[in-house]
Amino acid sequence: MSGRRTGQVLLMLAGLIAWAVQFTVIYGVTSTLCGRGWADATLFGFGIVPATIVSATLITFAATAVAVIWSIKSHRQNAKRPAATTDGFMSHVAILINGLSLVVILWHGISALILPACA
Amino acid sequence: MNAPERPGSFGEQEPELPNPLPRPEGEFEALKKAWKAPRGISFITAVNNTYVGLWYVGTAFLFFILAGILALIMRAQLAAPEGDLVSHDLYNQLFTMHGTVMMFLFAVPAVEAASVYLLPNMQAARDLPFPRLSAYAFWAYFVGGLVFFGTIFFGLSPNGGWFMYPPLTGTKYSPAENADWWLLGIGFIEISAIAGAIEIIVGVMKTRAVGMSLDKLPVYSWAMLVFAVMIVIGFPAIILGTLLLEMERAFDWPFFIAERGGDPLLWQHLFWFFGHPEVYIIFLPATGMVSMIVPTMAQTSLVGYRLIVLALIATGFLSFGLWVHHMFATGLPKMSLSFFSAASTAVAVPSGIQVFAWIATIASGRMKLTTPSLFIIGFLFIFTLGGLTGVMVAMAPFDWQAHDSYFVVAHLHYVLIGGMVFPLFAAFYYWAPVASKHALSERLGRWVFGLMFLGMNVTFLPMHITGLIGMPRRVYTYPVEMGWDALNLVSTIGAFMIAAGVAVFLFDLARNFRFTLEDNAGNVWNASTLEWLPNGTYNTRSIPSVVSRDPLWDQSNLSKDVEDGRYYLPGTATGGREALVTSPFDARPQYILQVPGPGWQPVLAAVFTAAFFLLLTVKFVFTSVICGVLAVGCVIWWLWETDPGPVRPPADIGGGIVVPVYVTGPMNHSWWAMIVLMVVSGMVFTCLIFSYLFLWLVNPGAWPPQGVRIPDWIWPSLSALLYCASAVLIAVASRQLRGADRRNPRSVPILIGVALLLVSGAAAVDLWTQWGTNLSPSAHAYGAAVYAIVSLQIFFVLTTFIMGIYTIARWLAGRLDSVRRTTFDNTMLFWYYTVGQGLTALLVVHGFPRLTGGI
């Protein structure tokens, strides 16, 4: 698989990978903190649990947004080359997957934030 | 056969035909001879995807019937209050076996089996890339599955429920061997499923019709690709879980025993990390089938192809974030519940996308109300209802009310029967003409559908109410005064209606299904995809070039031209079985794969593998070990005939395209398979590290427990050094084995030999180090977790050792040189993986307790 194709696959799955990272960080960190009784621990005055949720959500959301923009750019370029049907297909699916991932990341972030972590 | 009428056109240009007529004399005969299946008793050694696929589907359906009979016995028991048809102990075995057989021996194998048959045909490949692996997977499943099912006749069946929760299934509460049958039997059948998944991934990516680029890939192939990747990611969790529970039962290593630092919830995490994706593992192939059937029945192209691809991929990913919704009642923190509740509702979105795409396809065409159509409509109705109750139980407060009640039984049957069984019956009726002289009967098919659809709803709709008014699942009887009798009687009547539907289907099969390849009923539905091309044991006479997703509608005369041998590779270039390997994205021809033919090796290897696991269950350890050795011997015998090297110069496949008959490196199909195998191994190891960290989390201040000494740094450092040195030697050997001049340097086996000593030494040092600290694996979960990691690493080192010896043997036999080096490449990749895993294991086992400082 060439480097270009690897890049296309990664772009296609970028949003879902970002979601997996957000998921792992939020679930891993909160489980550890709750398991050790550190739910109320703070860092620079912020609760570690909500700070982790917010920062993981913002970072992965931003990364996915970049992937969406990149996918759109790539799709526009592919549209100018009628022979590149596979490329066009992959960039279009990348837009769809990354777009859906934006919603999923936000949906998860909010649901994790609105309840007390260890109650 | 006449060219099908085309309902629509993509307006793309048809390709020029690569091969002229008339074809050389004897070309077709040579092709047929190469692919001919053996006769007599040797017939069972056939490896053609068509034969293995059909046996596989037949066996899966047999298990469906057997598990269905168990369900009927249970329904008969529950038809009236205080029933005494079966004892409570037998009832426990019945519901455990019903769930286990349906999930592990019917649902996953059935969809995998269908793909063994359909995928090569749909992609116009001559066969799957590893036909002997398919045969091995089938025979292992066949033998293992039948023996496993046979335990019900001896009172030995597992009885702890299909998800086998400890502590109920630990030795304290289940001292007999019933649980071991589940753990060893099912654990090993999962290995067979993984073998199939590797085959499917490589098959979808590498063996397609020319020009079948990703945007023209049938949706079914997409679905099977996602399905196989999900198996690769999800199944290792249950394999590890069963290993840990079996080690606890056999050696008293307390992974799940709370008194000694273990935690039963660890099992639930491991089980459901596999178990929830399992639902989608079953469902996605079914949706792939639906996406193939709906356009044919509506005689129009599928609406929203790209959205469906999005839905398949997104479902595959998101389904791994839901497992905790099976654990809402275990007292987890509310945030976890909220988080997993959100994931559970999010996954409904891609499923919904697919449903709307099918409805849009039906609306944009003119749906013929055939038997497959009826089953699809039934699927949409039933699955949507199951999906709606799924959203209900995804809400934690509702789940607390419905948990472990008949409401959940109703929900899961709506999802599984609607989402998998109905599409499968649609597929039986739809694709039967591909494999049979006659299509199945439409008239009988309507009876089958009617009985099954009504029976399904009569059985399970009342169960929602039975559950909500308090009937718990898995009770073997109930008192009169509970008021559950009328609803249960209705459910029982419904169950027998489903059985009547299945009986009519069997009658239809017996009357109309006559297996044939060359003389099949043909494209009776005017379908658009390649499995409807004229075929034989070689699948298609020539490998077509396609220009759209509906080639039979858009390329006039395609069937005739393929049959005449006017497309690619119309004969055999090497005189043996071959498949054309294409590039994974654009499906351009890359090389000719020399496919191994029939042989006893996979059959015997499968039988001995099954015997190894099953004899271990009944504690015949010595005989079991002998069978294990024989299984390994058969695999080596099987592999010895593979990796043939470039037996002839590059061959012209038509249209001026000349491709090699042998390649090595990342283009090679077995390189891909090895990478997938490494992902599987990596997932097993990741799940083990998760288990280690989970046990740390539930043991504050006791990691390691008091009195346990962590070994000095010097020993793990030495072990790491040995691992790295062995990898360096393999890299040097690889470098020496380069060049196009078929060099065979003497230093290669020496380097491999020394590397073998080093890698074995590395594992031995770590084991000796732990042993030297008097760390006991049975005193506390810490020791159990450490020894589990060490044991897994030893297993990988042992495998590497066998592979290394085998590679040296190939060099000694003159079967390995700088060109013919696929065997070396495979060993090298696995070696690097083993070293990487070993280093990570050292870091975790020796570094983590120091890092956390015992907190």
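Placement of Cβ uses the backbone N, Cα and C atoms for every residue, glycine included.
Bear in mind that TrEMBL entries carry predicted annotations, made automatically and left uncurated.
Sequence annotations record features per position, and here TrEMBL assigns domain 'Cytochrome oxidase subunit I profile' to B:29-532.
For B:1-23, the entry in TrEMBL reads region 'Disordered'.
Counting residues 6+ beyond its ends, the transmembrane segment (B:54-74) has Cβ neighbours under 8 Å at 85-86, 91, 94-95, 97-98, 101-102, 105-106, 109-110, 112-114, 116-117, 134, 138, 141-142, 145, 149, 152, 421, 435, 495-496, 498-499, 502, 506, 515 in the same chain. Annotated transmembrane segment per TrEMBL: B:54-74 (among others), in sequence order.
Per TrEMBL, transmembrane segment is recorded for B:94-119 (among others).
Marked as transmembrane segment by TrEMBL: B:181-205 (among others).
Taken from TrEMBL, the feature transmembrane segment applies to B:279-298 (among others).
Long-range contacts of the transmembrane segment (B:337-362) within its own chain (CB-CB distance under 8 A, at least 6 residues past either end) are made by residues 280, 287, 290-291, 294-295, 297-298, 300-304, 307-308, 310-312, 314-315, 318-319, 321-325, 328, 376, 380, 383-384, 387, 390-391, 394-396. If you look up TrEMBL, you'll see B:337-362 (among others) marked as transmembrane segment.
The transmembrane segment annotation in TrEMBL covers B:410-432 (among others).
Using a Cβ-Cβ cut-off under 8 Å and counting only residues 6 or more beyond its ends in the same chain, the transmembrane segment (B:444-466) has close neighbours at 75, 370-371, 374-375, 378, 382, 389, 406-407, 409-411, 413-414, 417-418, 421-422, 425, 429, 484, 487-488, 490-502, 504-505, 507-508, 511. According to TrEMBL, the feature transmembrane segment maps to B:444-466 (among others).
Under the heading transmembrane segment, TrEMBL lists B:486-507 (among others).
Packing against the transmembrane segment (B:713-734) from elsewhere in the chain are residues 747-748, 751-752, 754-756, 758-759, 761-763, 765-766, 769, 824-825, 827-828, 831-832, 835, 838-839, 842, 845-846: each is 6 or more residues past its ends and has a CB under 8 Å from a CB in it. Taken from TrEMBL, the feature transmembrane segment covers B:713-734 (among others).
Proximity of distant same-chain residues to the transmembrane segment (B:746-765), defined by a Cβ-Cβ separation under 8 Å and at least 6 residues beyond the stretch ends, is recorded for 715, 718-720, 722-723, 725-727, 729-730, 732-733, 736-737, 790, 793-794, 797, 800-801, 804-805, 807-808, 811-812, 816, 824, 827, 831, 834-835, 838. Taken from TrEMBL, the feature transmembrane segment applies to B:746-765 (among others).
Residues or ranges marked as transmembrane segment in TrEMBL: B:785-809 (among others).
According to TrEMBL, the feature transmembrane segment maps to B:830-848 (among others).
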Self-check item: Close approaches to the transmembrane segment (B:94-119) from elsewhere in its chain (Cβ under 8 angstroms; 6 or more beyond its ends)
Solution: 49-50, 52-54, 56-57, 59-61, 63-64, 66-67, 70-71, 73-74, 86, 125, 128, 134, 137-138, 141, 145, 148-149, 152, 157-164, 182, 186, 189-190, 193, 196-197, 199-200, 203-204, 220-221, 224, 227, 231, 278, 281-282, 285-286, 289, 416, 420, 424, 427, 431, 434-435, 474, 531
Quiz item: Which bits of the chain, at least 6 residues beyond where the transmembrane segment (B:279-298) starts or stops, bring a Cβ under 8 A of a Cβ in it?
Solution: 103, 107-108, 111, 114-115, 122, 218-224, 226-227, 230-231, 234, 308, 312, 315-316, 319, 347, 354, 357-358, 361-362, 364-368, 370, 372-373, 376, 379, 415-416, 419-420, 423-424, 426-427, 430, 525-529, 550
